[in-house]
Structures are given as structure tokens and as C-alpha cells.
Amino acid sequence: MVGTLTRSERRIGIVLSVSLGLLGLGMAAGARHGVMAVHGMMALGLGLALIFHIGGALYDEPEPAPGRSGRYYDAPTRFGIGMTLLWAIVGMAAGVWVAALLYWPEATPPWPWTSFGRLRPVHTTGVIFGFGGNALIATSFHVLQRTSRARLADALSPWVVLIGYNLFCAWAVTGYLMGSTQSKEYAEAEWYADLWLVVVWSVYFTLYIRTLARRNEPHIYVANWYYLAFILVVAMLHVVNNLALPVSLGAADSFTIWSGVQDAMIQWWYGHNAVAFFLTAGFLGMLYYFLPVRSGRPIWSYRLSIVSFWGIVFFYIWVGSHHLHYTALPYWAQTLGMTFSVMLLVPSWASAGNAIATLNGAWHKVRDDATLRFMFVAAVFYGLSTFEGSFLAIRPVNSLSHYTDWTVGHVHAGTLGWVAMIVFGAIYTLVPQLAGRETMAWPRAIEWHFWSAVGGTLVYVIAMWNAGITQGLMWRTYDESGALSYSFIESVRTMAPYYLLRTLGGAMFLGGAVICALNCRATMRAAGGREDAADHPLSLHPAE
Amino acid sequence: MLRLHYNLEKVSMGLVAAIMVAASIGGIVEIAPLFTIDETVTLPDDLRPHTPLELAGREIYVREGCYACHSQMVRSLADELDRYGPYSLAAESAYDHPMLWGSKRTGPDLARLGEKYSDAWHVAHLRDPRAVVPASIMPAYPWLGRPLDTRLLEAQLATLARLGVPYDDAMIANAEADALAQSRPASDGAAAVVARYGERIAMRAFDGDAERLTEMDAVVAYLQSLGTLTNAPYQIIGGGEQ
């Protein structure tokens, strides 16, 4: 990192690190004890580490070569990919472990912080925000520069974004372990972490817009529309859903300003659009760049990509209320959610179809190249899970599926099959480039990863489909005398084999991710040399 | 539209503005009315907020992530009415910051749990679920026997009052004392708790030991209060008293 910064940038970096340390000190001193004090100490420790890291190299390391504004800036992407893989392993391992606990609950150790309810958000935050978020930020920096044919607007803000964002993730998951949570699903982090994320996100947005302003292309490439929608709408969702009143400025405890039915609506407006704008829009941006690059074919239809973009941005925001069918939410709001969920299938399938049609003429590459195959499978699962999503949002279907493991299966078809696959495809395309090589260090290992990922996803999803449908049916079956046929605990008992299978599927998927991380490390190690060795001169050809 | 977009994608702030507009409409249409229409804002006269002890239990329920496995929202479906009881009304969670409707039933719905089981059952179940229900996959919570930390309660009630929950000054000032008194019905403060929160609240040593105020007291008090904050669902659906 430091070698890519000029002396004056290093000095500003130290000032920023000192501010971070002081913020941490302030938090720790204000809270005195409890979660917030621990988080203050974490920020203080990070600030000090950065001060030593930058300060130690302030005058020692040579400054970057003068012509750097003509080169891309890839060091932040390299760091971001590293964090992506680290969080992949942490988040997926937590997931496999909590899955195992549902089969084998006695395995819970007697310490509060290892309890299912505290580890479950560690899994969700770890994979969604840690793994997915770092992948989005890291690839967005890469894609933004290539498609704009411009270097990132400055050298410090990408580091502020990445380090700040990872501090948010670390605060969040350590908070849950210590019992600090807002309980809002996928927005569990407490108020000060939420505020911190707003700061980080503003820097991210500013950097994005400033870099776009420097672009040497008249048009903004489609991948960037999606990354922009991701940045903007996630900001809106995050702010509204997390509005809360802290109990005291010295405690990691707050109450959301929303209550009851309004809170439920806002929570699922947030929750489903976290799926839409975090887990879909951003990753479509990734798909629209890496798929054409890897397959060597231009996007099949530009018009279709426009229609599906605006369709996704406009329709998705309505659909959250399908999480609240038959609840105390007014009927008309449920109906709106259902209607838009069904309509959403059109732009979703337009995107998936556009991706698959792009591969037309490159099928031999899909067959031979596991990296491209990751992206192909991602597009297929994107199509499948958006179809399933629209289906599950239909009121009578939802009466069966809601509250069951079918939902869990659906989510994992999307996250394992679509999100993680496209990330792995992007990583295997990107990492050799970042290391200044032609291929990954162990090309064969990509195949092993591919098959364990696909196998793991299928085992997981099929087990959960069976589990969910069985559960839903058992809960609603009546016997001849008009009484419910099954007690709740009978449905719990029936789940055991599915929960075991799900754990195995998850473990297979995790195994693949570990192979990927080792492969990336070996590839980066083999690169050696200076940190910005892989920066490419700005391309003279129009962007893809 | 294609033409419009073609021009828009050359102006980054234009694209930003268009995304924000397109992505705001749905939320505004679905959310804004919920703050005004009768269906979601009228409250039954007998609705009461949680007592401080129940609130402390609710905070522990949140802390331990019980909501990851339990919903608190009975849907208006025949089998749910038969299994759990009257369906949930919007008003019942009007004072809940946040709501705990949940999204997954690894365990059963808890919206109608209050007074379904004895306190002793809950205590034994939370300490070791498999001792009570052998096939259970619910985690054990052996640490709930530790003393309840009540220091934040006053500030918590004050914060909720600021958000519109009807806690008056006396409730806020006495929050800690009320929490203790609710678990000690024979103590001096007990009458004041009833005066403040009404006849319908449960006044007991929930964990079976009146000497110590534990997290278990709080959680069980909270569980026993579920579905009892108002009688409205039973009047609408069941046609009378619970």
C-alpha cells in the first residue's frame, strides 16, 4: 500500500490514522465498559497499526514513479480481493457450523458467544457484507477504471473505503458475538457502526463520481450503471432502515425509531432490496464486465440491458411486502408487493437471457474454461432463483413456503449459485491480471473448485427445497376428524436428514472457497516484485 | 426511452438523479400511508407497554437471537389459528421498537405463548430444552441464571418514551425498582408496579427464586407476556375473554 502513495499522501494517511485512533479512544473512554469500549479499542488498535505501517515507510520506501496518473491503480483491488477471500472463509465457516448445530444442537459449547442466535448473523453479515461487499468494492474499482479509461480520482480514498468498510464488518460481527444487535435482519449492527458506514459510503460514492468525471469515454458503460445503483440505493436503504435513537451515547444499545407494522414494512423494504441492490445490482455490474471480457464477446443486446436495468431499479423497490403475506400488514400493500414481484421476472430474465446469449458462439470456451463456466452457471442460477422468487411471492404459494426452509433454499440458490459463482468467475479472471501473469498458479484447482461449488449448491438447495415443502405441508395437514395431523416437534424431527445434507452441501462449498483462497495466494506470491507491478497503462482502445 | 437513456448515460449526475427517483417511488407509495391510515394506527384502549422486567427480557431475546428461529406473527390462515390462536393484529406490536415478527420458524411461533406453560417449564426448557422436549434442536441457555443487569433500564424506558411509547415519568424513574418488585410480589414496591402497569401483569418469582433477580426472571416474564398486552385479538376473533 505505502509504496503506491506519495510522501504528502503518506502524511495525510497518518493524519487520518491518528483521527481513527482518537475516535476509538473517544469511544472507549466514553463507554468505559461493554461492547462499545471493545469496539473503541479495536479502532484505536487499527489506527495505531496504520500509523506505524505508514510512518515506518514514510521516508524509506521510494515514491511511486512520476507517470502514475497514466496508469491504473490496482493495489486497492488486490487488497480488496484478499479481504473478500478472508471473509468468504470466515462467513461460510460460520454458516457450516450453525447448519451443523441444527443437526447436532448438543455441540453448542456452554459459552454465550458460541450460541446459534449470535453466530447466525455472523454468517449472514460475514458472507453478504464481508465476502460480497468486499468483492463488489474491489471489482468496482477495477471495472470503473477500465471502462472509463481513467485512473481512480485519488490514491487515498480507495483505502479509506476498504479499510473503513472492513472495520464496519469487524465491528458488526464481533458485536453480535458479545450480544450487541439491533435484531433487524441483515442490518443488525448498532448505531455507531451504522453511522460509520455512512461516512465510508459517502467517500465511496464521491470517489466513484469523481473518477467517472475523469473518464475518457463519452458513455458510462452498463456495468457502472449497476454499480452506481448499488451504491446509491444501498445508501438510501441503510439510512432509512437504521434510523435509531441510542439509549446513551456511551452504550451499544439503541431503539429503532420505527415500530410495529411500519417497522416490519420498512425492514422488508430494506431486506428485500438488500437482495436487489446489494446482491443483484452490484453483481450484475460484475457480470456485465467480466463475462464479455472472459468470453471475448460483446454483450448480446445493448437495448435489452437498458430495459432490464430500469426495470430492475423501478420494480424491485416495491416487492419487499411479499415477505409479509397474511400478516398484519394491510392487504393492499401485500398485493402490490406480489404484483411487482411477478412483473420483476421480466427484467430479471432479460438480464439472465442477455448474459447467456452473450455466450453464443463461445460455448467451446464454456466447456474448456472453468472460469467462464463459473459465470455461465451464475447466469443460469440467476435466472432460476429470480423465477423461484417471483413464484414464492404469489400469495397462496407463500402461505406454504413462508417461515419454512424453502425460503432458506431459495436464498442459497441465489447466493451460492448466483452471487458466489459470479464472484469466483471474476476473481479467477482478475487475480492473474493483478499478479501480472497469464494464468492462476494452479489451473487444475479451478476445476476442483468449480465442481465442489456446483455440487455443494445442488445438495444444499435440493435438501432445503425438500425440507421446506415437507415442513409447510406438515404444518397445514388435517386428519379426518378435523384436527391438525402433526405436532410441531414432529416437523422438527422430520428435518434431521435434510439438515445433515445441507451441512454437507455447505461444507463442500466452503471447501471450494478454501481452494480458491489458497490458489489466489499462490498466484499472488508468484508475482513478487513491486506492489504496482501489475498496473497497466491506460488502454488506448475503446472500452469493452 | 432508449433515446433518453442513451443521452442520460453520458451525464453521471443525471444517471444518479434518475436512479434515485426510480428507486424511491415504490417505497413512498407503500410506506407513507402506513403512518396515517386507521388500519395501522388505531390502538385498542387496553393496550399496555411492556413492564421494565419484560422489556429487559425482550432485550435478552434480541441479544440471544431467539428471533432467528421463532416468529411472533400468527398469519390469518386456518391451520395457524388452530395451531397458535387468533391471528396477530397490527396494534399488538405498535409499541415494539423493533418488531419481532421474525421470518423463520425453526421453532414454533411465540405470539400467543403467554401463560401457555408454567414458569417452571420455561426455566427447565431454557436451561436444557432436550430435558423437556427430547427431540428439540433448540440451543440450551445455561447462562441465563446470572444476575440481571438493570442499570440501563431507566435510560431505555426514557428513550422509548421519546419514541412515543406511553411510559410516564414515574415509570421511567422507577424502572429499576419496578423490575425487582415484579419478581417479588411480597415486597413493598409490588403494589406500585400493579398501579402503574395494571392488574393483568404477572407478579411472580419467575425463576422460582425470589431472592435473586436473574436474566431468567426477565426472559420468562417476557415470554409469559406474549400475546397478553391487549385483549383485542380475542375479542375480534374469539368473541370474548381469553
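The backbone N, Cα and C atoms fix where each Cβ goes, and this holds for glycine too.
Take the Cu cation site that TrEMBL assigns to A:HIS322, A:HIS323: the candidate from A:HIS238, A:HIS272 listed for it is A:HIS272. For A:HIS412 (heme b 1; low-spin binding site), the spatially nearest entry among the binding-site residues A:HIS272, A:HIS322, A:HIS323 is A:HIS272, judged by CA separation. A distance below 8 A between C-beta atoms marks A:HIS323 as the binding-site residues from A:HIS272, A:HIS323, A:HIS412 lying next to chain B.
Of all Cβ atoms in the shown protein chains, 24 besides its own fall within 10 Å of the Cβ of A:HIS272 (Cu cation binding site). Ranking the binding-site residues A:HIS323, A:HIS412 by C-beta neighbours within 10 Å puts A:HIS412 at the top. Confidence for the domain 'Cytochrome oxidase subunit I profile' (A:85-515), expressed as mean pLDDT, is 96.
Note on A:HIS322 (Cu cation binding site): other Cβ atoms within 10 Å of its Cβ, all shown chains, come to 27. Other Cβ atoms within 10 Å of the Cβ of A:HIS123 (heme b 1; low-spin binding site) number 22 in total over all chains.
Residues 2, 5, 37, 39-48, 50-51, 54-55, 58, 156, 159-160, 192, 249-252 of the same chain lie 6+ residues outside the transmembrane segment (A:12-31) yet bring a C-beta within less than 8 angstroms of a C-beta in it.
The Cu cation site is set by A:HIS272, A:HIS322, A:HIS323; from the centre of their CB atoms, other residues of the chain with a CB within 8 Å are A:TRP268, A:GLY271, A:VAL319, A:GLY320, A:SER321, A:LEU324, A:GLY337, A:SER341, A:ALA393.
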